[in-house]
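Contents: one structure, followed by commentary.
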């Protein structure tokens, strides 16, 4: 269970407050107007923005002051999720050991993860030799291999076309179901939320509201959400 | 407020900056403590101060005055070889001073090509030694720099402005008033200040082409106080004056400086519809050819003069070459060992002190630092024994500001772009350095290393204070051969020096880019 107790996150002077819990295994979409603090919320949970007050806990473990690498989560950013000078296999291997000292068995796991996302035999290529969709798949292979209980997505598929984006969301859905991870994803598009998320966290006017069930919230939006949805 | 998490620490950068500051400021303090103000400045010392300022002002003035029309010609003409010519304008930065001086002597000297030609028509030969020789050499070195900086200003005028001006029917005169004059008014003062500051600390040029009562710079006076009178107190006093002068000039140059410097791209396609007249075309073409000739003919002269002597180079030259390679190698390693952590610290936003100590090398002249080190070392151990290591260290300190300028922007870019990803993957610290930062900075590290090695290879400065007759670097050996009037051997050694400097730069710069990914 992810617990945000009276959390205040600072993003260069902008402060976002959040006070809610999210059950383990949930799939939550974070929606709201641009500039409202969606990325601040996810960045605070990941450890990139300092927590000014309150507590952040995962299954009873206090994460409030932990460094980003020490938190039990994997994260994908809007862009730059792969190191261009490392091969695809190396990029995925980082999920097992950040210094890339891997045993033969671990390299096997890397190849299995690549096969799982449909990139069999492409491990030796550099990211530049892959299409945008394939690059997303490679990043997801790393997420798979990291096996962290929390997955944060900060719109990593925003640059993909609509069909490709749906494909990636479906892949995320299967991977999350396999690993039983808890998913938190920023989204601009209510359709994404309907497609994959069972909960929606609305972020507006400097506050993150507690998660609500997707269908009921979107079908019957409160005023702040209605203003955003238009 | 808690700081943002970072993928790499800044402590070693602050440590490196502290070492640099301690070395440079320590040398300055040693100099200040040793200075004997009892006798005050004699007339010859004031003469040196005056000459230093006058030659620097003239050098800056002539360089910029010629650079403006040359840059305009380069900005508005397209011709085959233009790119190469512009790239060549960066070469004097790593050209050993002593090589250029020999080249200039071969063209403008008493027995040079021009003097010989003058002799045919019954005119006396040129006199190169003295103020005009010093200024000539400084213009040779700084005209290309000024041209590059001013050309950059021209090319930063957006192409759309020229299109708009052309659409409004602006001719050359209107174009000048509308676009070119406002740009020059912004750029020229900073270019003047930079070149003035560079020429203030000129040593090797004054050593070879100046001298005598009327043409001695402060740096040269420090050297003479050392070598001829062994008057450390006076050398230190002169050093204090030099510190005040270069410190002020460096401050002015920094204040007027624009953010960017050498090495940035210079080839955006700007279409020009003015200046299509025949007169303008002939003028521009003539200017470009004259400037290119002024830069290339002395280099060609040194190649021609040096080639015959290459086969039987004296053994001393070969020994000096080995010394120089050793000095350049050590200096490059020290530069990188200091510059990399400092660049990382600056990129992390821990600027302040680190940036300050990175700039110290610009404000202090090599001879002043050398004097300080000498004052400290002399009572303990024979300075000649440490001639090569000290030269390497001072060279590294002088190269540091340039290395930082190359490394910092890239370090910032890599940390900004990949820092967060590395953090979520738990790569903070060594893995980030080894797997991400260093591989992605390879091209810049190679460029900085090449620059640093070439600068050190060609440097003729501190070594003159420390070396005894047993020890020499290649530039010092060239100078000694000149002093002994062995001009053929000097030219051959200079050609070797030129080749070594360029080869070192090329190897390291290329090495950095070899198989590098974008």
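In case you wondered, yes, glycine gets a Cβ from its N, Cα and C as well.
According to TrEMBL, the features are:
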| type | residues | note |
| --- | --- | --- |
| DOMAIN | B:49-253 | domain 'ABC transmembrane type-1' |
| DOMAIN | B:321-508 | domain 'ABC transmembrane type-1' |
| TRANSMEM | B:12-33 | transmembrane segment |
| TRANSMEM | B:53-74 | transmembrane segment |
| TRANSMEM | B:86-108 | transmembrane segment |
| TRANSMEM | B:128-151 | transmembrane segment |
| TRANSMEM | B:191-212 | transmembrane segment |
| TRANSMEM | B:232-254 | transmembrane segment |
| TRANSMEM | B:282-305 | transmembrane segment |
| TRANSMEM | B:325-347 | transmembrane segment |
| TRANSMEM | B:359-380 | transmembrane segment |
| TRANSMEM | B:386-408 | transmembrane segment |
| TRANSMEM | B:445-467 | transmembrane segment |
| TRANSMEM | B:487-508 | transmembrane segment |
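Contacts between the transmembrane segment (B:232-254) and the transmembrane segment (B:325-347): absent, as fewer than 3 C-beta pairs lie under 8 angstroms at sequence separation of six or more. Same-chain neighbours of the transmembrane segment (B:191-212): 51-53, 55-57, 59-61, 63-64, 67, 97-98, 101, 104, 128-131, 133-134, 136-138, 141-142, 145-146, 149-150, 219-220, 223, 242, 245-246, 249-250, 252-253, 256-257, 362, 365-367, 460-461, 464, 475, 479, 482, counting only residues six or more beyond its ends whose CB sits under 8 Å from a CB of the stretch. Long-range contacts of the transmembrane segment (B:359-380) within the same chain, counting only residues at least 6 positions beyond its ends with a Cβ under 8 Å from a Cβ of the stretch, are 20-21, 23-31, 34, 197, 200-201, 203, 219, 222-223, 226, 232, 235-236, 239, 242-243, 246-247, 250-251, 254, 386, 390, 393-395, 397-401, 459, 461-462, 465-466. Between the transmembrane segment (B:282-305) and the transmembrane segment (B:53-74), the number of CB pairs under 8 angstroms, six or more residues apart, is three or more, so the stretches are in contact. Counting only same-chain residues 6+ beyond the ends of the transmembrane segment (B:53-74), those with a CB under 8 A from a CB of the stretch are 82, 85-86, 131, 134-135, 138-139, 142-143, 145-147, 149-151, 153-154, 180, 184, 188, 191-193, 195-197, 199-200, 202, 206, 210, 215, 217, 245, 249, 283-285, 287-288, 291.
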